[in-house]
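Presented below is the structure to which this report refers.
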Amino acid sequence: MTTSKSVVIGVLALQGAFREHIAYFNELIQQNPNDYADYEFNIIEVKTKEDLSQCDSLVIPGGESTSISYIAERTHLLPHLYEFIADESKSVWGTCAGMIFLSRQLLNGKLNQKILGGLNVEVSRNAFGRQLNSFEQPLDFSSFIPGCTNFPTVFIRAPVVTRILSNPVHSQEEDHHKQGVIMTENPYVNNASVEVLYSLKNYDSQDHDLIVAVKQGHILGISFHPELAGDYSFHKWFIDEFVLKRKVHS
Ligand SMILES: NC(=O)CC[C@H](N)C(=O)O
């Protein structure tokens, strides 16, 4: 008899679209029994440090990054989140507000908003302006997700990555003297290199590219909401390329 390996994926359940992520993971695991025959998955809500301590992987959903930060602080979860994302045997995925929460520097944070660090990037919240508060666009992610040529992305008051920060940290680039710029208080610095997975090309009036998906070692950050796409490809790729690779190698 073979015993299956237990894998726990936690979804931070303080605020935002955590139920949708949990449903997507459960459905895709059910629909792909052959791929996951060796594993027993448990997808759990994370609200406390006890929940977090069970997890091999953590997903931080979209929602409102200020609320997620304030609740994490009020419930004393922040130091445990700092520690979790610094553990490179784990995998971490932030979507939309979750990516904001994982950044090392935030251009337009709210007063006392905290960020976890982990991704050596600068992020801007609500970066698409009023008329594009929310939009949907099919994108070709096949350069990193095999066969995923037409993923229905949903952007809702979405952030973008405005800068890749250098490593080690140079204090002069951190702009902490500028009003509204928030820096992480987490001492952890991710030493893997930041890979830009996807940019929207020539996006604004000055033809800038807008970075909407990045990977840095064990951490993934994306600007949009894959748990509203009606397509499990992104969740499957996260399990296959992040969760199981880390789990197997740890
Ligand atoms: N859909 C989202 O997660 C929006 C993010 C939100 N604008 C924030 O700042 O947190």
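Quick reminder: no glycine exception, Cβ is built from N, Cα and C everywhere.
Any TrEMBL annotation is an automated prediction that lacks curation.
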Listed in TrEMBL for the L-glutamine site shared with G63, E64, S65, I156, R157, one of R19, R104, R125: R125
Which listed residue (R125, R157, H225) has most other Cβ within 10 Å, given these are recorded positions: H225
Rounded Cα separation (Å) that holds between H225 (active site, charge relay system) and C96 (active site, nucleophile): 7
Recorded positions close to ligand 1 - of G63, I156, E227, only those whose C-beta is under 6 Å away: G63, I156
Inter-residue C-alpha distance, S65 (L-glutamine binding site) and C96 (active site, nucleophile) (nearest angstrom): 9
Among E64, E227, the one of these recorded positions whose Cβ has the fewest neighbouring Cβ atoms within 10 Å: E64
Cα separation, C96 (active site, nucleophile) to I156 (L-glutamine binding site) (Å, whole number): 8
